[in-house]
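Trainee: My questions will all concern the structure given below.
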Amino acid sequence: MNKLLAAFITCAGMVIAPVAMAADFPAKNIQFVIPVSPGGGFDTYVRAVAPILERHLPQSVNIVPTNIPAAGGARGAAQVYRAKPDGYTIGIFNIPGMLVPQIRGDSDLQYDLKKMTWLGSFGQDGYGVGVPTASPYKTVADLKALGRPVKFTASGPSSTAYSATMIATDMLGIKREIISGYKGSNDYVLAVIRGDGDAVIGPLPVMEKFVESGELRIIGTFEEKSSVPGAQNAVEMGQPDLSKLSVGRLVAGPPDLPPEVAKTLSESLMAAMQDPAMATWSKESGIAVEPGDAASAKGILEGQFNFYERYSKYLGPAN
Amino acid sequence: MLDVALTAAGNVFTFQSLLFLTIGMLIGLVVGVVPGMGGTTALAVFGPMTVGLDPYSALSLAGGLMGAVSFGGSVTSILINLPGGAPNAATCLDGYPLAQQGKAGLALGASASASSVGGVIGVFTLLLVIPISKKIVLAFGPSEFFLLATLGLVTIAACAPGRMLRAMIVGGIGLLFAFIGFDNVNGGTRFTFGIEHLWEGIPLAPAMIGLFAFPEMIELSAKGGSIAKDKGQVGLTGTLDGVWASFKYWKTLLRGSLIGTLVGAIPGVGGTVAAFLAYFSTVQASKNPESFGKGNIEGVIAPEAANNAKDGGNLIPTLAFGIPGTAEMAVLLGVLVLHGMEPGPTMILHHEAEIYGLILTLTLSSILASVIGLMMVRPLAMITRLDAHILVPSVIAISFVGAYANNSLPGDIVLAFVFGVIGYLLIRFDYPRLPLVIALVLGELAERSFAQAMMISGGSWSIFVTRPISALLFALIVMALTYPMIRTLLQRRHSVEEVS
């Protein structure tokens, strides 16, 4: 009889468990997947927010940053996508970095960004055009009038920096030649300073550091209102759509996350990003945080899907 | 600058900072000893734990760790022919033969003092060149990277005396492995056989663990006995002689340190190349090159000095532009960011005192780690007297853990096993294993930089001789390839003259 009772209680427990789980969430440590190696920008955001996020969750648990740097981030994304939808596995996503392989149709891609549960955004970086300080080119029009293909430095053809260079030069009508294969944004901006190419199209925060140290000049920003004095904005260059080129840092959990769990995670993340401690870190490190909620993350994702689907011919060979 | 340096010193010589320096050093020694775990893994694990500490304690931990890893890594290279990390691979060449001859103490002593002096020289060179660090970094572009990688590949010809052809065959196989994964220049992935795990290429740590640990252990368990062939002879008394050996061969020590600093200063080339170039140049400069590979103490001094000097050099591109020269530096930058330092060309302007603090901890650590390491030499050298049935299972277990620990990817264990089989086959048929490591480290850099140089020059090969540094490197390659031949010819003519 006792056994029967025990079995009954267990069964009842299994039925009630999901409800109880949502109310008690989080009851154990949360894994925060970073689909790149330690040390990069995305890694930094997660490691900076993790201890602050711990304080804002309704129950005290640890946030465990986990780097899964395999297959260009696809493995980490797949791990979040396939995780049990209980809120104990979430991840940070480079949008459009993780979105381009999906539009391009890379083989064996085991995630679908459109189905994931979007929780928030650390913000987006805009792009711009830079030239070495000593360069004679002052505007994008100067590059256009060069009469020969302009040499741009970028990472490999499957990368978003390469696609961004292809798309932007096309929209601006600049004849281009791309010196590819650099290992990251710091690397290809340094390459243009060294003289490997004529100009570079890259994320503004990276380029601004080289402007401050006196090596680079930004001649155009792909923003509606230019944040760099003296640089033309996207509207002045006649291509307002250029402002869609950006790098976004979005946070998501697996598909079909229970709404209460998603709400808890999303609200705690928002509170953590708005915490004064995060603001202090951001100010000291010079790394911008623009807190965005679940709806804004989803909006960014949809906007990027529309944009890159339109320019899918520039997305490089599929992996 | 002096007042900044004094502020930094004041912040480093506090009880808390010194405590964290010591903790970092002990962690560094331990992870250095465990194959596959290097400074990168340790910093990635322990760096984030420093959140909440003041920046100096965090920097002391990081500096202590980085300064100690390379000596830790040399210990296993010498004692069991298993490099703690790729940069320690060159130390195996002469360190292990010394251990087999029962002179492990001598080799460890030399490694300790060479590491210390190398580390200090590296840091001092760094301090001297900080004002011109930007010029140094900008002087190296794709054509120079390609030639440097080639110079590194040339050392393959010298890393197995008497078996040059075999070394080159293995080097070729290594290059094939190096091209697996993302094609950075043309996009897409290649030679992955549809295995997702191979997209990022062959990871170095598991490959090295497989290549070095498994074959050695299979051999040992088949043979039985212990590493030191004559148990009675394991000389633990030679340690001090070893320490002095570095100073006796001061030219070797200095050459190794300077090569280490210079190579470290070039982003993306790293400690493995530094160590091999230092070894190679020592063999070239020696009056009796045939004594290397059989237990020449200079063959331990040169790579170990280079290996520790490269940390100072590595900081040059990191401080000048925020470009990490190695994976280890990339993780260190991550730690700096956690403490509110913005990596990039402006870091040294905004955080001068912290940077000098880091430099100081690196110096302290490279000296102190060797002292602590030397105190542990006696028990460590006992490893070579351990019987196979105790040593083999322990090393295999630690190796598997090391292969997995690097990235927590189960696929890496499989890779370690596959490379274990390759390594065993190489030993079995008397082919050297080191060329595979050199090629694996340099293949991708060589290919990518070559393609980039060609794009920059518009397809003209003259780029490799018209840029001054390129021309110099080109001349060095030609010299490295022809010098042994010319020397043999001269010797032959000399002996012919004597006979007539």
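Each residue, glycine too, has its Cβ placed from N, Cα and C.
Just so you know, TrEMBL annotations are computer predictions that nobody has curated.
Straight out of TrEMBL:
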DOMAIN    B:18-438  domain 'DUF112'
TRANSMEM  B:20-46  transmembrane segment
TRANSMEM  B:58-80  transmembrane segment
TRANSMEM  B:106-129  transmembrane segment
TRANSMEM  B:136-158  transmembrane segment
TRANSMEM  B:164-182  transmembrane segment
TRANSMEM  B:258-280  transmembrane segment
TRANSMEM  B:355-376  transmembrane segment
TRANSMEM  B:388-405  transmembrane segment
TRANSMEM  B:411-427  transmembrane segment
TRANSMEM  B:461-483  transmembrane segment
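Map the listed features onto the structure and describe their local environment.
Mentor: Within the same chain, residues 12, 53, 57-58, 60-76, 82-86, 205-206, 208-209, 212-213, 326-328, 330-332, 334-335, 361, 364-365, 368-369, 372-373, 376, 398-399, 401-403, 405-406, 416 sit at least 6 positions outside the transmembrane segment (B:20-46) and bring their C-beta atoms closer than 8 Å to a C-beta of that stretch.
Tertiary proximity for the transmembrane segment (B:136-158) is limited to same-chain residues at least six positions away from its ends with a CB under 8 Å from its CB atoms, namely 129, 164, 167-168, 170-171, 263, 265-269, 273, 276-277, 279-280, 283-284, 316-317, 320-321, 323, 434-435, 438-439, 441-442, 445-446, 448-450, 452-453, 456-457, 463-464, 467, 469-470, 473-474, 476-477, 480-481, 484.
Tertiary neighbourhood of the transmembrane segment (B:411-427): same-chain residues 36, 170, 195, 197, 202-203, 205-216, 218-219, 399-400, 403-404, 433, 436, selected by CB-CB distance under 8 Å and a gap of 6+ residues from either end.
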Trainee: For the transmembrane segment (B:58-80), which stretch among B:164-182, B:355-376, B:388-405, B:461-483 has the most Cβ pairs under 8 A?
Mentor: B:355-376
